[in-house]
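Undergrad: From Swiss-Prot, here are the annotated features:
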{"type": "SIGNAL", "residues": "1-27", "note": "signal peptide"}
{"type": "REGION", "residues": "28-192", "note": "region 'First lumenal domain'"}
{"type": "TOPO_DOM", "residues": "28-389", "note": "topological domain 'Lumenal'"}
{"type": "CARBOHYD", "residues": "ASN37", "note": "N-linked glycosylation site"}
{"type": "DISULFID", "residues": "CYS40-CYS78", "note": "disulfide bond"}
{"type": "CARBOHYD", "residues": "ASN74", "note": "N-linked glycosylation site"}
{"type": "CARBOHYD", "residues": "ASN100", "note": "N-linked glycosylation site"}
{"type": "CARBOHYD", "residues": "ASN105", "note": "N-linked glycosylation site"}
{"type": "CARBOHYD", "residues": "ASN120", "note": "N-linked glycosylation site"}
{"type": "DISULFID", "residues": "CYS153-CYS189", "note": "disulfide bond"}
{"type": "CARBOHYD", "residues": "ASN170", "note": "N-linked glycosylation site"}
{"type": "REGION", "residues": "193-238", "note": "region 'Hinge'"}
{"type": "CARBOHYD", "residues": "ASN239", "note": "N-linked glycosylation site"}
{"type": "REGION", "residues": "239-390", "note": "region 'Second lumenal domain'"}
{"type": "DISULFID", "residues": "CYS242-CYS274", "note": "disulfide bond"}
{"type": "CARBOHYD", "residues": "ASN276", "note": "N-linked glycosylation site"}
{"type": "CARBOHYD", "residues": "ASN298", "note": "N-linked glycosylation site"}
{"type": "CARBOHYD", "residues": "ASN312", "note": "N-linked glycosylation site"}
{"type": "CARBOHYD", "residues": "ASN320", "note": "N-linked glycosylation site"}
{"type": "CARBOHYD", "residues": "ASN331", "note": "N-linked glycosylation site"}
{"type": "DISULFID", "residues": "CYS345-CYS382", "note": "disulfide bond"}
{"type": "TRANSMEM", "residues": "390-414", "note": "transmembrane segment"}
{"type": "TOPO_DOM", "residues": "415-425", "note": "topological domain 'Cytoplasmic'"}
Amino acid sequence: MAPPRCPAGLALLLLLLGACGFFQSYAVEVDVKDASNFTCLYAQWMMKFLIKYETNSSDYKNASLDLTSTVTHNGSICGSDTQAALLAVQFGDGHSWSINFTKNNETYRAEFITFTYNTNDTAVFPDARRQGPVTIVVKDAMHPIQLNNVFVCHHTTSLEAENVTQIFWNVTMQPFVQNGTISKKESRCYADTPTAAPTVLPTVANVTTASTTISPAPTTAPKPAENPVTGNYSLKTGNKTCLLATVGLQLNISQDKPLLINIDPKTTHADGTCGNTSATLKLNDGNRTLIDFTFIVNASASVQKFYLREVNVTLLNYQNGSVILSADNNNLSKWDASLGNSYMCRKEQTLEINENLQVHTFNLWVQPFLVKENKFSIAEECFADSDLNFLIPVAVGMALGFLIILVFISYIIGRRKSRTGYQSV
């Protein structure tokens with residue numbers, strides 16, 4: 001199969017951020033036949049998986065799992081009025097994915113997606129601590145589709161659960177096919193419909209979007225973009241809030257030519273996991289920008305503290321789901337505060353993800369552990385916010401003043417010695 005081509009409208013952005021085809025996935029086409037050799041379930045789509053896994057050194061790494069050129073569909077079922085239809089595929093070294101469909105007299109809908117990845121696949125999961133298959137089940141949010149209509153969605157959609165992000169695009173799917181013929185009637189996803197909001201890239205300084213045309217950024221540094229809007233995010237375990245975060249986020253991409261991207265809270269969905277010693281906040285801005293923040297408790301310290309250990313950023317092509325840029329730093333030690341307290345920093349801070357990507361934060365207030373009554377606990381402020389911050393210029397000024405006085409005294413003493421020498425002659 002020939003490598004996928006980049007959409008023309010995004011060619012420039014891909015050129016700025018990396019080679020087009022750096023991350024690739026194969027299209028899947030499954031045609032399930034019934035006992036009479038008639039098509040009963042048809043699907044063609046593209047998908048990929050972003051997976052965070054633990055290594056033997058207790059660090060976390062991010063893996064990108066793509067479909068291979070060889071995919072089987074063993075176990076797929078046509079379905080009936082009393083039995084769900086099942087679309088199942090197997091690929092790579094022990095990986096599998098399936099989705100089941102149910103119907104009534106008028107409509108059909110997807111119910112559950114089951115994804116199994118095999119951490120024994122060392123090419124994808126090097127040094128994985130957990131060995132063997134890992135299975136997650138996600139409830140699909142697909143709205144009911146009229147029977148004998150084919151579901152079509154070219155735009156990118158994603159599902160996040162248990163450290164796995166599933167990304168889909170270019171989907172054409174019809175279960176319960178009647179008379180063995182794929183329907184000509186289409187039911188489009190909301191993102192594909194003409195009445196939907198126009199597809200735009202995230203807010204990017206010096207990049208203008210008109211339809212799908214992107215103007216080039218200047219060769220100099222980008223003009224300062226407006227500070228990002230501050231968003232409020234939270235995670236729950238059951239009915240109890242377990243993580244709170246308030247922050248404005250801006251990405252600074254310096255690969256080849258600089259770009260600034262503001263994260264829009266209105267289009268950003270928060271997900272993640274809470275735990276006693278680690279917590280992860282996953283932010284998804286319109287299926288275009290994925291940012292994961294992982295917090296760790298330092299239990300070895302005399303006073304237990306939490307801190308930001310890892311940040312992972314992924315930029316997706318909204319048109320076809322391909323990865324434009326992926327960067328990770330799992331060796332951070334930022335935003336530390338005593339366990340049970342919160343961390344606050346109103347001033348701008350910068351997180352270095354790699355040589356090409358920075359994350360700027362504004363109006364930050366975060367508490368990833370021991371949240372009580374859905375409220376932030378006592379805040380420990382960063383040094384930039386503290387009242388002692390003014391002492392730095394004062395101390396520098398005093399040191400310079402002392403140095404000037406010392407030089408002046410040395411000059412006076414030197415002149416006196418000079419005069420004494422002249423008198424003795």
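All residue numbers here begin at 1 and follow the chain in the order shown.
Cβ atoms are placed via backbone N, Cα and C, with glycine included.
Bear in mind that the values here come from a model prediction, so they are computed numbers and not experimental data.
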Undergrad: Please work out the mean pLDDT for the residues of the region 'First lumenal domain' (28-192).
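TA: On average, pLDDT over the region 'First lumenal domain' (28-192) sits at 91.
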Undergrad: Identify, among the glycosylation sites ASN105, ASN120, the residue whose Cβ has the fewest other Cβ atoms within 10 Å in this structure.
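TA: Per-residue Cβ counts within 10 Å for the glycosylation sites ASN105, ASN120 bottom out at ASN105.
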Undergrad: Measuring Cα to Cα, how many Å separate CYS40 (disulfide bond) from ASN239 (N-linked glycosylation site)?
TA: 42
Undergrad: Consider the recorded positions ASN37, ASN120, CYS189, CYS242, ASN298 and say which one has the Cα lying nearest the Cα of CYS382 (disulfide bond).
TA: ASN298
Undergrad: Determine, from DSSP, whether ASN74 (N-linked glycosylation site) sits in helix, strand or coil.
TA: coil
Undergrad: ASN170 (N-linked glycosylation site) has how many other Cβ neighbours within 10 Å of its own Cβ?
TA: 20
Undergrad: Say we define neighbours as other CB atoms within 10 Å of the CB. Which of the glycosylation sites ASN74, ASN100, ASN239, ASN298 has the fewest?
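TA: Counting other Cβ atoms within 10 Å of each of the glycosylation sites ASN74, ASN100, ASN239, ASN298, the minimum falls on ASN239.
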Undergrad: Nearest by CA distance to ASN276 (N-linked glycosylation site): which of the recorded positions is it, out of ASN100, ASN105, CYS153, CYS242?
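TA: Nearest in space to ASN276 (N-linked glycosylation site), counting only the recorded positions, is CYS242.
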Undergrad: Using a 10 Å cut-off on Cβ-Cβ distances across all protein chains shown, tell me which of the glycosylation sites (ASN37, ASN276, ASN312, ASN331) has the largest neighbour count.
TA: ASN312
Undergrad: Taking Cα atoms as reference points, which of the recorded positions CYS153, CYS189, ASN298, ASN331 is nearest to ASN37 (N-linked glycosylation site)?
TA: CYS153
Undergrad: Give the distance between the Cα atoms of ASN239 (N-linked glycosylation site) and CYS345 (disulfide bond), rounded to the nearest whole Å.
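TA: Checking the Cα atoms of ASN239 (N-linked glycosylation site) and CYS345 (disulfide bond) gives a distance of 28 Å.
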Undergrad: Name, in the order they occur in the sequence, the residues of the same chain whose CB lies under 8 A from the CB of CYS153 (disulfide bond) and which sit 6 or more residues away.
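TA: Result: PHE168, TRP169, VAL171, ARG188, CYS189, ALA191, ASP192.
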